[in-house]
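Copied over from Swiss-Prot, here are the features:
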BINDING   Glu252  Mg(2+) binding site
Amino acid sequence: MENLDALVSQALEAVQSAEDINALEQIRVHYLGKKGELTQVMKTLGNLPAEERPQVGALINVAKERVTEVLNARKASFEQAELTARLAAECIDVTLPGRGQTSGGLHPITRTLERIEQFFTHIGYGIAEGPEVEDDYHNFEALNIPGHHPARSMHDTFYFNANMLLRTHTSPVQVRTMESQQPPIRIVCPGRVYRSDSDITHSPMFHQIEGLLVDRDINFADLKGTIEEFLRVFFEKELAVRFRPSYFPFTEPSAEVDMECVMCSGKGCRVCKQTGWLEVMGCGMVHPNVLRMSGIDPEEFQGFAFGMGVERLAMLRYGVNDLRLFFDNDLRFLAQFR
């Protein structure tokens, strides 16, 4: 048993001298493994007299349990030290100032479109869309625009060939809607349109939204009330509105809509060129020829239509003086609208 005590002391000393978990594992195998020192001592029980075996076996088991206990305690100590070191390395100081996330936002044109659509869908209009590459018939002919009209000129329209072009307005969507369904029709048609023009107030590509209502007993008073209410809601203020007689091939009578300048409240400024008025859209009663070519009887149904540039309304609402700013992708400008 003296050899057993010495063996246990040797094992405990080795455990205390171990520098890491790998060394502990080697010590465990050396003393407690299948061929370990204490395991070999246990195998010598067969050489002892039968009456001594229980006592000696119990002593060997106590020795093994003591070594195992010290091994496990030392291993737990190493694991705790390793965990503490890892936590210290990964420690987050919650008192440090945070790094803010830069959030995106809707483009001002998108915001303006959504605002317009929200008003008209609220009063019962649907949203209709159509192709940006149009044929001559739907872009011009079906809208009562004659062949000699200046809008058909290469200077104003982007042509692919003699019959196909980039649409110059969203009116073709109205035509396609009237061709595919019978009145009552209440739609707004938002989308990109293209014209050969580019300066501080014009872009070769811009956004337009047009509206169409076709039903029985529709008159100019209905159109006037709709537009006045839209402008009041869109700009969130009571504005003077006037309708000036004008000419559009697809409406008769036709009018240009002016509103009180939102910058100077009608007193006259640089934006309104000292007139106190701003032109915001065109409108009119749908021409009987347009209804007729779309398969609608103008004797039974009447309608009104209007169209406005989305960029124009966005410029007025947000006080932007250069149309091109909307398309420059300058985050310093766009971040103001988040």
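Going from the start of the chain as shown, residues are counted 1 onward.
Quick reminder: no glycine exception, Cβ is built from N, Cα and C everywhere.
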Test of understanding: give the count of other CB atoms lying within 10 angstroms of the CB of Glu252 (Mg(2+) binding site).
15
So, three-state DSSP: helix, strand or coil for Glu252 (Mg(2+) binding site)?
strand
